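Peer 1: If you scroll down you'll find the structure; I have some questions about it.
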Amino acid sequence: MASILSSPSSSTRSLSARQMPVMASVCKAVWHNRWLVLVASLWLQACAGVGYAFGSFSPLVKQELGYSQQQITILGIAKDLGASIGLMAGSLSGIIPVWCLVAVGALHNLIGYGWLWLIVTDRASVLPIWAVCILIFVGTNGETYFNTATLVTNVRNFPKSRGHVVGILKGFCGLCSAIFTQIYVTFFSPDEGAYLAIVAIGPAIVAFMVMLVIRPIRAKQRTEQTQSESWGFAFIYGDCGILAVYLMGVLILQDIMAVNYDLKLMIALILLVLVAVPLLTPLVAWVAREKMVTSRNDEIIQHITNVPVTMDKQYDRRLTEPLLRASEKSDIKDAHLNQEVHDPEKTGIGFTSSDLGNPQFGPESRAGSFSGSVGMSELEDEKPADIDLLSEREREGIIVQIRRRILHAAADGAVRVKRKRGPHRGEDFTLWQAILKADFWLLFFVLLCGAGTGMAAIDNMGQISESQGYPNSNVFVSMTSIFNFAGRLLGGYFSEMLARNYGLPRSWALGVAEGCMAAGDFLIAMGWPNTLYAGTLLVGMGYGAHWGIIPPIISELFGMKNFGMLYNFYTMATPAGVLFFSGFLAGYLYDVEAAKQHIGAFTTAGLQNSTHIFSYYHLRTSTNCTGAICFRSAFLVMMGVCIFGMILTTILSIRTQKVYKNLYYKMLFT
C-alpha cells in the first residue's frame, strides 16, 4: 500500500528530472538567440533618442536659468554635436566588449543630464552657460555609444538583413521622445522637472538591464533560417506601425479632451505591452523556419520520386551530345554565356542591390562593391559615346556584347581594360577619394539643407508652439518624434521601390522629402489656425526620411568598405546646419522680434526715464516672443533652403542615373 501511495510522488520526481534538461536546453537556446539580442537592442534604442526630447525640456531650462532664445539655441547646438560626434565610441568598439560600451554610454547620459536636472531643480549651484553646454554634450553623446553597440552587434548577427536591422533600430530611436512623454504625463505631470529626471535616469536603467544581452551571436546561415528572417522582420514592422498609430491617437486624444488618471494608466500599460511585443519575434521566426523546413523536406521527397526520370534524361543527353557539331557546341556555349551575362550574381560582373543586404565574399573579397576582377568601370569605359541615343533594346544588346567580351578577356587572363584614374561610382572609395567627387558634396549639401533645417525645427518646436499660443508644447514634440519614426521607415521603403522596380536613383525620393519639408516650413511660418499640426507632420516625416535614404545612397555610390567613416562624416552635416539655421538664424530673429514687441510696450507705456533703462535692457535680452511672427522669417528662409535642396537632388539624380541602371540591371532586363 505504501509503495502504491509513493508511486505518484516518485513518478512526479522522475518527470521533473526528465524536464530539467529540456528546460535548460530551451533556456540556453533562448539566451543564444539573435532575435533576443535584437529585441534588447530595440529597447535600448527606444531610450537612446534623448536628443529628440530637447524641445520638451528646453522651455523649463530657459525659464529656470533665465536664458534667452539664442542661449537655448546654443544649448541645442551642443546637444546636436554630442549626438553626431561618435568617433570615440567607434574607436572603443574595437577595443572593449559591447557591454562596456553600453555602460559607458549610460554613465555619459546619467552624468550629463543628471547634473542638469540638479541645476534646474535648485539642488546644485548654477553653472556658466559654457559648462551647461558641456553637460548637455556629454549627456547626449551617450547615445552614440548606444547606437554603436546596437548597430554593430546586430549587423553582425544579421549579415543578410542589414537594411531591415538599421531601419528598425533607428526607427525606435525616433520614438524615444513620445515614449518618455507618455510616461511623464501618466506618472509625474505636472512636475516639469520630472521630465528631465526621466531623460537622465531612464536610459541608464534600461542600459544596465540589457547590456549583458546585447552581444554578437554566431549562427549558421542555413537557407530556411535566412528565409525565416523576413517573417521576423515583418512581425516587428507590424508592431512598429501599430505603436506609431497608437501613440498618434493618444496624443490627439490628450489634446482634445481631459484624460483622467485611470485612462492615463491604461494608456501607459498598453504602450508598455506594445514595446514588449517584439519578445515574441523568436517564436515567430521559429514557426516560420519549421514551416519552411517541412516544405523543403516535402520537395526533396517529391524530387527523389522523380529521380529515375531525371537520370534517364541526363543519360540520354550524354549519349546524344557527342553527336553535335563543333559549331553547335560553340553556339550553345555562347548562349549559356549570354544567359550568365544577364545575371550579375553568377558572373560577378556588376553589382546588384542584393549585395547591400547580402554581401558575398569570394576570392576577390567583393563586399558589396565593384572591387572584383571585372567591374562597372570596364563597362563604362567600353560603352560607345552615342549609346544613349539608341533605343532601349539596342542599348541592352550592346551592353550584353560588351559584358561578354570583358568576361572572355578576364577568363583568358587577358590584360584588363585601361581604367580611368581613381575608383568609379559604385566602387570602394576612401574618404579622401570621395571628397574629390562632385557627387559627394552634392549629397552632403542635400543633407545639410534637409537635416539641418529639420533638426533646427525640432529643437525649436517647444518655443514655436508656445509662441503661437498652443497650451501643450509636449504634444508637438512627441508628434515630431512619431513622424520622424514613420519617415525613416517610409523613406527607406519607397526609395527601395524606386531603385528595384524602376532603376531610378534613390535621390528622387530624397527630393520628395525635401519638398515635404519646404511645405511644412511654409505652414509653420504662416501660423494659420491649426496649421502647426500639418507643418509638424511634414517636417517630421521629411526629416526622418533623410535617414532612411541617405545611408543606402552612400553605400551604392561609394561602396561598403569605408561606409562607417563616410557615414560619420555625413552626420556632421546635421550640427553644421543647426549651427547656422538655429543658432545664427532662428534664435537671432526670435530675439529681434521679442525686442520689437517690448520696445513697443515700453513706448506705449511712456516709460522713457532712466530708471527703466536696466529693465528695458533685461527684457530685450531675455523676454519671450508671442505670435507667428517670432519664427516666420526664419522658416521662410528654411523653406527656400529646402527648395534649393530639391534642385541639388535633381542634379544628383541625373548624374547617377546610369549607376542605378547598372546596379539593378538584372531586375530591369531579365
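The chain as shown is numbered from 1 upward.
Cβ coordinates come from backbone N, Cα and C, glycine included.
All TrEMBL annotations are machine predictions without curation.
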Peer 1: For the feature transmembrane segment as recorded in TrEMBL, pick the matching range from 26-48, 532-554.
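Peer 2: That would be 532-554, the stretch labelled transmembrane segment in TrEMBL.
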Peer 1: Could you check whether the transmembrane segment (71-89) and the transmembrane segment (566-590) come into contact, where contact means at least 3 Cβ pairs under 8 Å with the two residues of each pair 6 or more apart in sequence?
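Peer 2: Per Cβ check, the transmembrane segment (71-89) touches the transmembrane segment (566-590).
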Peer 1: With Cβ-Cβ distances below 8 Å as the criterion, list the same-chain residues six or more beyond the ends of the transmembrane segment (634-654) that contact it, or say none.
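Peer 2: Non-local partners: 439, 442-443, 445-446, 449-450, 452-453, 456-457, 504-505, 507-508, 510-511, 514-515, 517-518, 521-522, 524-525, 542, 581, 585-586, 589-590.
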Peer 1: Over the domain 'Nodulin-like' (34-282), what is the model's average pLDDT?
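Peer 2: Mean pLDDT across the domain 'Nodulin-like' (34-282) comes out at 84.
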